[in-house]
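Shown below is the structure under consideration.
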Amino acid sequence: MNFRNAHILTAMVTPFDDEGNYSSKRTKNLINYLLDNGTEGLLVSGTTGEAPTLSEDEKLQLIKDSVKFIDGRVPLMVGTGSNNTQQTIDYTNKVADIDGVDAALVVVPYYNKPNQKGMIAHFRKVADYSNLPIIIYNIPGRTGVTMEVDTIIELAQHDNIIGIKDCTGVENIAKIVENVPEDFLVYSGEDAEALSARVLGGQGIISVASHIYGDNMKTMYSSLESGDVSMAGKIMRDLIPKAEALFSYPSPSPVKAALNKIGYNVGGCRLPIVSLDKNEENELFKKLKI
């Protein structure tokens, strides 16, 4: 399944049980809730999914469960990137062996801090040798390096690099959209830019806020498409402070607390991320109005 009709992707949390183990049952409940409430595609095993603290066996089980529970309703993207090129290829191909995965999200290599030449070499090799379409993940706040727009434009010419999740601002999203092939998927990774990204011609948003406000976001995009820009803007203005609140503590602790609050139990976080205490939860819930 392709992503052409998927404008709102949820970067899904990984549900744990009360003992902190991965929970297949809670994953099923969460996926059904998300798909009933505005989500048009899923990203699993990403930053919000606490991928760095999942074992490979847990990741693969999460992916298999996600394919099963999605049951062909929406496209599925899986985080497979690392700062080791060969390891990224090997793991991406292991994920590709699971029928029902539609693309791999590959983060710009972190910690090693490659230059633009190194980034191009990394992504070309990953794209050449991977059995899944590749989507670049450009998030300098977490990687320590920024993939420049010219580099993105160059990589967008590769047949197996089909899109980007970009977290560098609307100016760069505008430049990317203007200069890449028409079928290249440009997603913002910043909830506050969800409307701007779409107005600028991007595909949409890979969102955390859609865990809680997916229906609102879908209404926002529908309003935009029907020409009701005023309503779309109103929804976005209401969403921005709530999206900010969902990052008021290290992610995904706020969104997990919010999901637990509204009745979709996803457990807590794994160290080094700590779950919110009661005072922090109460402060968050006031901001979220839940």
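Note: Cβ is positioned from N, Cα and C throughout, glycine not excepted.
Swiss-Prot feature annotations, pasted as is:
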SITE      Thr47  site 'Part of a proton relay during catalysis'
BINDING   Thr48, Ile206  pyruvate binding site
SITE      Tyr111  site 'Part of a proton relay during catalysis'
ACT_SITE  Tyr137  active site, proton donor/acceptor
ACT_SITE  Lys165  active site, schiff-base intermediate with substrate
Determine, to the nearest whole angstrom, how far the Cα atom of Lys165 (active site, schiff-base intermediate with substrate) is from the Cα atom of Thr48 (pyruvate binding site).
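With distance taken Cα to Cα, Thr48 (pyruvate binding site) is 14 Å from Lys165 (active site, schiff-base intermediate with substrate).
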To which of the recorded positions Thr47, Thr48 does the lowest count of other Cβ atoms within 10 Å belong?
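Least crowded of the recorded positions Thr47, Thr48, by Cβ count within 10 Å, is Thr47.
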Have a look at the recorded positions Thr48, Tyr137, Ile206 and say which one has the shortest Cα distance to Tyr111 (site 'Part of a proton relay during catalysis').
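Nearest in space to Tyr111 (site 'Part of a proton relay during catalysis'), counting only the recorded positions, is Tyr137.
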Near the Cβ of Tyr111 (site 'Part of a proton relay during catalysis'), how many other Cβ atoms are there if near means within 10 Å?
9
Sequence gap of 6 or more, Cβ distance under 8 Å: name the residues on the same chain that satisfy this around Ile206 (pyruvate binding site), in order along the sequence.
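Result: Leu9, Thr10, Ala11, Leu43, Lys165, Tyr187, Ser188, Gly189.
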Expressed to the nearest Å, what is the distance separating Thr48 (pyruvate binding site) and Tyr137 (active site, proton donor/acceptor) at their Cα atoms?
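Rounded to a whole number, the Cα-Cα distance is 13 Å.
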Work out how many Å separate Tyr137 (active site, proton donor/acceptor) and Thr47 (site 'Part of a proton relay during catalysis') at their Cα atoms, rounded off.
11
